[in-house]
Amino acid sequence: MRYLTDRKRAVGKGASGTGTEHHWWMSASAVALAFMIPTWLYIVGTTLGMPQQAVIATFAQPFPAILTALVVIVGMRHFAKGTEIWIEDYARGTTAKALKIAMHSLAYIIMATVLYALGKMVFIGLLLGANG
Amino acid sequence: MAEAKPVERPLSPHLQIYRPQMTSMSSILTRITGNGIIVGVLLLVWWLLAAVTSPDYFDFVNAIATSWFGDLVFTLSLLGVWYHYLAGIRHLIWDSAKMMDIKTAEMLGWICVIGSVVLTALTLIIIHL
């Protein structure tokens, strides 16, 4: 006699292995990005092409700095988890694992680089503010 | 009684035998744009990092980011962002089990294609004002 319920034996046996968790996470982060992207595109679009000091001054301000940090954190997690979808379609086994690790790594490198740049811009902004 | 030999089942129809349809093409474009905009992100991140590295290095990267090549990468990325944006909203609508009949689904596909071009043009106009 099996003591496991039908439900318990079925859990984790689907194609994803984790139920609808991935799909729900992508939907939730998509909504967050949908609210942030239009304003962020405007900030980046108007700053691109400016002299270096103006670029630093823009991203040293609280709103552009916080919004850019949020967009890169949520956006890069959305990207990394999004790449899993095509990887699962076109690759199997070790290749799929390696590709997923590579894509997640790329996303985290981009995230850390942007946060570093933002932090340094805020710091430079503080120094300039103290002098001016 | 059931035969002992295995049943000859039909193979799953392969993607390549289908005539291109609005619904399938707009779905594939969602994947291409979602992954493709990483190119624009990489150029933008390089430019941000250069801004906090040195004036000379910023001039070097800024020249690339604002050249015809940079304009091309950023414009295509913008188009990709807007397409992915609209296609994502389409998926959120479909997830609520609405607008799933073929006619409406095809119309939503055209909205994504035409809408992304319109929104890209609008964005370029607004940021250059």
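A Cβ is built for glycine as well, from the same backbone N, Cα and C atoms used for every other residue.
According to TrEMBL:
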TRANSMEM  B:28-48  transmembrane segment
TRANSMEM  B:68-86  transmembrane segment
BINDING   B:HIS84  heme binding site
TRANSMEM  B:107-127  transmembrane segment
Secondary-structure category, per DSSP, in which the residue listed as 'heme binding site' falls: helix
Around the Cβ of B:HIS84 (heme binding site), the count of other Cβ atoms that are within 10 Å: 25
